[in-house]
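Q: The following block contains the structure, expressed as structure tokens.
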Amino acid sequence: MRFVDRCRLKVIAGDGGNGAIAFRREKYIPFGGPAGGDGGRGGDVVFVGDGGLSTLLDFTYARTLEADRGEHGMGSDCHGRAGADRVEKLPVGTQIFDAESGELLADVTEHGQRVIVARGGKGGRGNLHFKSPHDRAPRRAEPGEPGEARELRLELKVLADVGLLGFPNAGKSTFVAAVSAARPKIGDYPFTTLTPILGMVEIGGGVRAGGSSFVIADIPGLVPGASEGVGLGIQFLRHVERTRALLHLVTLDPGEGREPLADYRALRKELKKFSPEIAERPEIVVLTKADLTEVRDAYPKLKARFAKAKVKLHLISAATGEGVPELVRELAALARKREEPAEQDG
């Protein structure tokens, strides 16, 4: 399925039905009073968060979402039926903006969260409402009110506890596959991962077994200049915004001119350009591919160089599992630590 994380569309709520002009027509009552019913209310356009969705692809095909109008009122004081709501599911993590003003209308962060983005118009009143001592047979009724219409911009930002960063081919996809049930595409060429990949990491059997879990997001490969649109560009840097902690993978690859500390500094620079606040979040820095002899031999010197830069460098191998359990526990602790203040504030 193609990953789409932003789109624009129009939403049109239903118009209210018109009130009716009608009179009682009963035997022996030749001049019955007013009996016009009210028009029905127009339907709303509603978005509902769905944790099972991961793309806005469907909205690239349906550029206009329209709810039903209310039925008109009828005689015998019969009211029109309300128009049906137009209900559409959205991926959890979607932000809804007014396309013209740029105002954030809603942030869909929970499964089942409902957001009314366009309200249906009220139904008009029938002539029964206009009867008075001075006018016992009113011949007027109200038209229904128009439903709201607006242009929206939808932006999806993945919801994850830990954001996984690193140059292309730093081993991010291999790590996600090793610690979760996610199966990202893995290859030996740049930008193997072209969309954010979410993986659920379970500890001690997961929540159901009395353990814990957290979500990790493999953000597509960042390169110098990403904050200005180079490579896959800023389109995916946005997905780091909701993470609580960062896991930064570096690798030793002299054949491609990769130097771990230089790579780390380059991507830290991009993060700071994009968002100084995100750059200050807790992070763990890891040298991958410990199963390779050249990596293991170089680790002591690299660790010392990172230490001079006041950065602790871990060593793991996603292929053999070396260092992975300890790293997962440390990430889980970071995710919990960041979550606790938010819960206390709430």
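Residue positions begin at 1 at the first shown residue.
Glycine is treated like the rest: Cβ placed from N, Cα and C.
From Swiss-Prot, for reference:
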- 166-173, 191-195, 218-221, 288-291, 317-319: GTP binding site (BINDING)
- Ser173, Thr193: Mg(2+) binding site (BINDING)
- 132-147: compositional bias 'Basic and acidic residues' (COMPBIAS)
- 1-159: domain 'Obg' (DOMAIN)
- 160-336: domain 'OBG-type G' (DOMAIN)
- 122-147: region 'Disordered' (REGION)
Q: Which chain-mates of Ser317 (GTP binding site) that are at least 6 residues away have a CB under 8 A from its CB, listed by sequence?
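A: Listed in sequence order, they are Thr288, Lys289, Ala290, Asp291, Gly323, Val324.
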Q: Which of these binding-site residues has the least crowded Cβ, counting other Cβ atoms within 10 Å: Lys172, Lys289?
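A: Fewest other Cβ atoms within 10 Å, among the binding-site residues Lys172, Lys289, is found for Lys289.
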Q: If you run through the compositional bias 'Basic and acidic residues' (132-147) with DSSP, how many residues end up as helix, strand and coil?
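A: The counts are 0 helix, 2 strand, 14 coil.
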Q: Quick check for the class: what is the C-alpha distance, in angstrom and rounded, between Ser173 (Mg(2+) binding site) and Gly166 (GTP binding site)?
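A: It is 10 Å, counting Cα to Cα.
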Q: Would you mind giving the whole-number mean pLDDT across the domain 'Obg' (1-159)?
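A: The average pLDDT of the model in the domain 'Obg' (1-159) works out to 89.
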